[in-house]
């Protein structure tokens, strides 16, 4: 056991912030320092190369004792767990030849002024560590106990009389009917259940997994109901089955897309190729991960995103996740530095993360998983809502909604799973088993706070997106084999772990299975059979393949370094047998490298009947499949509607318009969402056509997201979110209709072809066990399932429910309860024929125009439940939330609106579009003004007493910009669609930096543009200051609030229409480029495409191909090192990848030889840039290059930034000097750190960030990583090798940029970079 001391764990500003938090409780406490400490376990019988280990970890062996009066505390991963960092770093060190069994990293904190008071203070402990994921240890000796392995628990048998006790002990959440069912079945079997069987049954039959409430029969108000909830949802598909290829049958729904050609490597040769144009299809799925996010926000949200991504990948026989969405509903934020009068104090549940902590950590978790996996997150929503119903009852989201969804691509031949046959091999693909997420399916199905804290911890999960990336590469390879795809069927591993996934896999094919527990990969030898079978370790899939394909499948996994194990076989008898004593066919034998834990094999194909009773008695599981899936009791719910709500009504005549406008814009639901958007990569994959950010000033105001179906088409997919949950406190049916309506009005920003092509995912949340809430849920489902969606010809082929949305705890001698409203989040998806015809809220500057409001309420202007009401709910009395509830009164109105928008778009009448939602027309208009850096004169033609309802009602509708010259054509079209009474002019843009409310030429209220912007930006600014570098937050606010800021201002020094590579392409010669990737790299496809378009022949090269000698760099004229997260960037971005080269002599020599050849070139982008910078010692002319370290903001930065091409020797940038170009930026470690000032002066800089005036960008976020003089790209003395942090390969077409000048053609000027390389080769 070795303990090493590493570098400082906290930057100066984080250290100061940390100390300040501690001193609020113990003022005399000071932090002397905080350092990484590494705990390393050596493999038995081996010795470490300590000098290499010090070099790789940048650590030292000496761990000096603390100074006098200084106390050290160690914050380590929670005892008994393995951190994601450990898994990734262990693999990295194995690749570098280090014989370690395990490594963990913690933080040593040295404290001055520690006292007995501090040692026993819960507030201090809370600041030092998170008990859900960490342990606080007092000495190095205690630290060394981290790797202690306890004895595994034995298999338990549970007497039937003790089932109730077991139900409570393990938090199984079984109903009384289910316990009776189990007693009956086990009595029939003449035996008692094992603990493994009970846990498996509980997870497989939890509300989370089996949706018992949605499948229940109902009696409401003593009246039998005709339909179950699920039947009403399915009714929409029965009414409108068109364009849906798979519904309710798989991990995700599949809908028709436009024809497209896939671009991917040939699975045999690795050569990139354009495949034939085939009918398109894409899968859609939206999940929630509410309970884990409430307990541990970062890992909860991260694994929520990861689980949904796996659902897309595991659809049919293999899909490819393409783009994501996310969302959060929480209670009041209560930001300490931004108090709001409506955020009144109350007791909070001590067992759950606060709303503030959830929104500081949860979005980072969701974004981190998407970023590292390599999926752009293009859409989201955020709601903060809380109402006090009494002193002990709150309607809010203490148990949050954490939404994770998205869409993916799937080949039509792979939509339907194949049936497993007896003898087919059961595969576990992905990471090892650990004691993670045990019982999560059941835990998420009960009221938060009613289980024990130990069970809360047991359901906490951990993430490793880099592992999931490897799994996806295996899936992609299998899918690319087309009809030879070895995957017959598979499922992702989620709630319930293998105990749910493997039985589901077998049950789908009506087969049984024999599983050897010894074959399940595990990183924890102490796991009991229950823990091994039921844990929810993430990034795993279960697959069924033919035994004949096993060796070929193993080869794919080996190349991708993706762990897998053949754990069992399917059997004709529908019996599930799981244990350590089973025998499996010799055909399942694969090499030691793939299956480290092998049992003895025989040629006998196992069946339950051939196994002797004495052996079967020892099995953890020996059950007929129908015990799990057959005849469990069906729920019946007998309920009644609660009394009608009596929330006081807001008297808007008593409000001050000026202050009301500022309050509404400052509400977190309305306010700017930049702090949630820029942390997520939105350009990875190269298929983004509309992300959140719009315009030259890059504000996240897009109404929908759009992706492209392929690299050579403008057809694609659009998706949008609708959510109006607080209205359910007034009328749950109306809230559901409004959610659907809002999803449609958001989606209308895209060129939607037909309402019947729109498919919805419905995510339902409710506190179903609170009296009457289930009846309100029934009303909501009926409102859209039976009534609205069929009337619109829209179907709901996929969805999810989470029906334990309440928490309960004791405080001040009373029981407190927090219950969410009945909440529906609608995600709408549709194919689009031409993504270029999208509209955004960006107003056109050069056109005389007016803004028109199409208000679908027909003038009712209902204010019930509005943000205006919420921000004035600060009196001691009951909150003024009531009044008439907004609603979609007639589906025909929404149909007419949809048709109007399509016809107006087709006629070229619309310049801009923005839907009306939270904050009403006032907020929507302000957002359009903010996005466009324009002022507005807002007109109110009705009586002044109706001013507040006119401006702040949140009925369905949209605002469009129409040029004056098209006014008549637009109003004629409005009349044709019968919407004249719903349409009015509401504003016109001005160049003045002000927003005015005008009535009969009288100014009723006026704000400066910056005053309103400051209110709108306040939440983002406050959250960034708490979460990121506060200096960066201040700098961004100052730039964003400047009305005269120039924004993105591109200029070109060359004609991009001139293709310098064309003469060489015409020769028919295509030089070969290695598209190089390491495990965790995710940007290789778009990189290959850009080189291919420039005239190169591209080949997919994994580092394993070079290590094994399958290929050699001599075979390639060029090398492109791609972006991503090699080894999860655990030791610094790109360092793991570089280490895998530097620590292998033969590989190091091969790269050195390639770099030395003057007829070879190399390009490193992002992670490839970081990796090549670490190899500068072997690259001629690169000796002055910097290292790339953490961004100054200490946050992942995803931006569209403005670059200037500097005159340099770079062959890639020849003829481009002086150009100023927008480009996608997405990295966490892009700060260029030079060894000396002389190196910075001598380095050949090729690219730098600039501001809109053409000057080197020194302020954030124009310089997103803080590099000196904006440096972000460098080259060698001869220019053959260039490295850059931004991503030109993601934006070869103007459709890929979030904004570009109107005069640019189909391609962006960045294609010149790749064409220059082809011209250089000649």
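Note that Cβ sites are derived from N, Cα and C of the backbone, with glycine treated the same way.
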From 572-592, 593-613, 614-634, the residue range that Swiss-Prot assigns the feature region 'Disordered': 593-613
Additional site residue, 889, 903, 915, 918 [criterion: listed by Swiss-Prot with 703, 742, 746 for Mg(2+)]: 915
In three-state DSSP terms, the structure that residue 915 (Mg(2+) binding site) belongs to: strand
Collapsed DSSP category at residue 703 (Mg(2+) binding site): coil
Span of 300, 301, 302, 303, 304, 305, 306, 307, 308, 309, 310, 311, 702, 917 around ATP - largest C-alpha separation, Å: 32
Stretch-averaged pLDDT - the domain 'Glutamine amidotransferase type-1' (1073-1322): 97
Lowest local Cβ density (other Cβ within 10 Å) among recorded positions: 310, 1287: 1287
8 Å Cβ shell about 703, 742, 746, 915 centroid, Mg(2+) site members excluded: 704, 720, 721, 722, 743, 744, 745, 747, 748, 749, 917, 958
Spatial neighbours of residue 1287 (active site), counting only the binding-site residues 300, 306, 308, 703 and Cα distances within 10 Å: none
Distance [Cα-Cα, Å, rounded] between residue 1166 (active site, nucleophile) and residue 742 (Mg(2+) binding site): 38
10 Å Cα neighbourhood of residue 702 (ATP binding site): matching recorded positions from 742, 746, 1289: 746
Conformational class of residue 1166 (active site, nucleophile) under the three-state DSSP mapping: coil
